[in-house]
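**Q** According to TrEMBL, the feature compositional bias 'Polar residues' maps to 1-12. The region 'Disordered' annotation in TrEMBL covers 1-27. Marked as transmembrane segment by TrEMBL: 36-53, 65-88, 94-119, 131-149, 155-174, 186-205.
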Amino acid sequence: MTTDSATVSTHSRPFPDEVGALPTPPAANPVRGNPSAIGLPSFIAGAVGLGLVDTGWIEPAATGAAIPVIMTATSLGLLIAAVWAAALGQSAPASLFAVFSGFFGSYAAFVLGLGHNWYNIPADQVTRTTELWLICWLVTIVLLTVALLRLPSSFTLLLGLVDVALVLLLLGTINTSTALTHAGGYLVFAVVAVGTYLYVGILFAETGGKGFPLGKPVISG
């Protein structure tokens, strides 16, 4: 009995080569935090600049006035947030931040390129080029809006307002309508308001308080 018990006890222990073959526990992800803490204020700053341009707060000849903010703080901040979200495995926020990083970055390239004639676009094709840029981003952000309907409804509201603002800006460009362009610009400030709500709520939660309600998803389950 004693021998059998000792034998069982001995064989229940893994041999050295068996220990090496055991699976190692996955390493903890060193990345922490909330990417929205960077992404949202970056977005807000660029949207405010864009809204001021589109509402006619500055002269049409100075449309590049918002570029320093948009090209640096906004596009780079959103890119950092996208990479951060991807590192956390948050694919949906990463996609959201990456799309808007591209939007603002391409806006900076668009305005600077037209102003310095980098793209050799004939003067009579500038309007059509603007329409092309707006159509590209309208299609992309509408797709993003539909794809993210499972997020809380406050995000759907934010993206929906962006969609409508782009439609108004596109119609204003097609019809050479200052009123429609200004309406699109004012709607951008509604986007800023929703973004501010999200940003303040997130920081309240991150500093130990209670975050703001984000609403139920349009599509759930």
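Keep in mind that glycine also has a Cβ here, set from the backbone N, Cα and C atoms.
In TrEMBL, annotation is done automatically, which means it is predicted and not curated.
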**Q** For the transmembrane segment (155-174), give me same-chain residues lying six or more residues beyond its boundaries with a C-beta closer than 8 angstroms to one of its C-beta atoms, as numbers and ranges.
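**A** Distant contacts of the transmembrane segment (155-174): 54, 96, 127, 130-131, 134-135, 137-138, 141-142, 144-145, 148-149, 180-185, 187-188, 190-191, 194-195, 198, 214-215, 217-218.
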**Q** State the residues, same chain only, that lie 6 or more residues beyond the ends of the transmembrane segment (36-53) and have a CB under 8 A from a CB inside it; answer 'none' if no residue qualifies.
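**A** Non-local partners: 63, 65-66, 69-70, 73-78, 80-82, 84-85, 93, 96-97, 100, 104, 107, 185-186, 188-189, 191-192, 195-196, 198-199, 202-203, 206.
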